[in-house]
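First the structure, in the form of structure tokens, and then the observations on it.
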Amino acid sequence: MNSSEIREKFLKFFESKGHTIVASSPLVPGNDPTLMFTNSGMVQFKDVFLGEDKRPYTRATSVQACLRAGGKHNDLENVGYTARHHTFFEMLGNWSFGDYFKRDALKWSWELLTQVYGLPAEKLLATVYIEDDEAFDIWTKEIGLPPERVIRIGDNKGGRYKSDNFWMMADTGPCGPCSEIFYDHGPHIAGGPPGSPDEDGDRFIEIWNNVFMQFDMAEDGSVKPLPAPCVDTGMGLERLAAILQHVHSNYEIDTFEALIKAAGRETNTKDLSNNSLKVIADHIRATAFLVADGVIPSNEGRGYVQRRIIRRAIRHGYKLGQKKPFFHKLVKDLVEQMGEAYPKLKADAQRITDVLKAEEERFFETLANGMEILDAALAGDAKVLPGEVAFKLHDTFGFPLDLSADVCRERGLSVDEAGFAAAMEKQKAAGRAAGKFKMERAVEYTGAGNTFTGYEHLEEQATVVGLYFEGTAVPSLKEGQAGIVVLDTTPFYSESGGQVGDQGFISAEGVQFGVEDTQKIKADVYGHHGVQTQGTLTVGDKVKAAVDGARRAATMRNHSVTHIMHKALREVLGDHVQQKGSLVDPDKTRFDFAHNAPVTREQILEIEKRVNAEILLNSDTQARVMDIESAQKTGALMLFGEKYGETVRVLDIGSSRELCGGTHVSRTGDIGLFKVMSESGVAAGVRRIEAITGAKALGYVQDLEAVIHSAAAMMKTQPAELEPRLAQVLDQMKALEREVGALKGKLASSQGDELLAQAVDVKGIKVLAAVLEGADVATLRNTMDKLKDKLKTAAIVLAAVNDGKVSLIAGVTADSIAKVKAGDLVNFVAQQVGGKGGGKPDMAQAGGTDASGLPTALQGVAAWVGERA
């Protein structure tokens, strides 16, 4: 019974018992921020059990995709080395929300296992909580399981109700006994029954757990009955499949067998028992499903777990000799195995492939160098990988710690994890020191707020009222020291609303402080962060504060155009467009906004047209300060979720009116040219546009013009005539391709006539297996049709090799398909050249990657046909 049939039978069985089939929920839990990944079937029903949600059904069943690779539930290091550890697995489950209870749950479990799946009753045994007499009696008196095969499990975890057979959602709240069903693999397998000293052996394998939530536990450990007891059951699909398919390891079941073969194909590994293939097969399931559910590789949270799994798989491929991206190629094989059960996997196949390929390409850039360093560190008599080396591998080469630990474990060594943690903390401390001026809470300032004059002036006479070195107030800053300066008055704009802080200088005679950034210490106190480049600066000094004017002007252009672009986006795409984030600096504007589809090229052109039209109007910019109620009456655009004070600044730029405290151009014409550089998606329902203005935009256009002139020169035409000239050249190329195709057809036809004489008679069937030189797939197919017509009763295989890739076509005449199927024939050859294929009984196609096996494969065709004729 294959995995698809197991899923189908499970769901249909419980549907027949009045259960509603519920689709698998995403691997990212939508109702539990404390849980990194969905790790059991009950996760999507947690709110129902807690009484916080009510469903239109009281009985449910599902096949849930689960992941255990992070936090408390982490099987990553064991995956590939044991028979039953996985990162990704499927959980079959059924639930009762105050409906049926123990009797029905246990009886249905028994009925499904013994009557539907056909497991021998004598191979099954059960466990119950030591005080659960009700469950014991159901098993022994109603189901008929012999008492010696129902094992009572006591409090084996150090307290009352602390047992393998007593389930608790948390320290308090819903809880209850559970009854587990085990399968006995027989005395030839080492291990004892549950509850015995040898229970960790492989003889007795848990396949199903029935949890009965019937109590509410108080803080003092006492329990009282729940008003509506519930049932939560779970059975691992992979474990059940191993039993039903008569194999001992989960990695031998149908889905894994196919993926392991695919991993062997992509890594050119013939030994399919290699543990690295198991790792790769497991990890393609986990990573592909994670991408489908929106988890992209990153350096934090769920994204980092995803990155760790991908890179572990890549490292195992590297261990098998792979030096180029291979892992992403397994997505198509996974879709073949699981796409029907999980339609989202099938629908997102290309996106999943692209994400995995990009991560592979990134890691392969540093993998070889990192492995050299790791190998060198483990050479000789070393028993432990130094923590500093493990951290260097992590920080410089992208090696997650568990990847380095994986390599060490294979060699019987260990990693100095404490040393790694110390090195990590050292770097974080250095980062905090280098970026201390960004950490507002590290500076305590109790003086008066400063006056900001930067809307009107770029220079200001001021007095130093505060100095900070390493987060502590000091009377002076000496030359070479990095610190923070607070002035009573400042023209420097402090980072806010997406606009970066100003840079410039604070100076007096013989004294200069270079301002590298400006950040708020408090709402009305600006901290000027930088380095004392000359002399000593002292509290009370009279200074000149001067903003870098060119940098400020470039930033203002980009900030002002962001407002105009926001208005244009709403006009072109719709009023649903809403700002989700922005970054405005001297080089560009980056604007994130709510929109559920890519912005088309035509829409971008329209947005550019509208923005540049506003710029050409050269209208005045107007800023007004008013109370929030008055601002609302003006119709100014306000951002949902943004917190505004009682007094706000309303900014009119062109036809745009928004609340904004940033610095802006005086007239729209000051922006100059506006050009969109890129458009992309950054999250579900969020798009990002990056754009440039002024001299940057002009330079970009001039660079494009230079490329056009260069291309025109290559095509020996003028820039204005480049498009028709390219169309002409493409037409000529297509004509030449058709001519080449015709010549190939003639050549193949000639070869086909010559091949007729090579056909051999095998039990009345003309058998021909040959290579057509220089042929493509279309030529092979055309030649096949002609040969079938001429040979009449025949089984034919034609092959061609192009760029090391093998193309195969098998054809069988109608009077022979009862004995020989084209699909079987082409697969016989394809398997020997590293490929696979399929098709109809009379015509099938395949491809392969190992041309060296082709001669032998073709030589064996006649004998293969003879065995079936």
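Cβ atoms are placed via backbone N, Cα and C, with glycine included.
Features of the protein shown, as given by Swiss-Prot:
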BINDING   H559, H563, C660, H664  Zn(2+) binding site
Report task. State the count of C-beta atoms found within 10 angstroms of the C-beta of H664 (Zn(2+) binding site), not counting that atom itself. Result -> 24
Query - Any further residue of that chain within 8 Å (Cβ to the Cβ centroid of H559, H563, C660, H664) of the recorded Zn(2+) site - result: Q499, M556, S560, T562, L651, I653, E658, G662, T663
Query raised in the report: What number of additional C-beta atoms lies within 10 angstroms of the C-beta atom of H563 (Zn(2+) binding site)?
Result: 27
Report task. Name, in the order they occur in the sequence, the residues of the same chain whose CB lies under 8 A from the CB of C660 (Zn(2+) binding site) and which sit 6 or more residues away. Result -> G497, H559, H563, R649, L651
Report summary line: If you count the other CB atoms within 10 A of the CB of H559 (Zn(2+) binding site), including all protein chains displayed, you should get 27
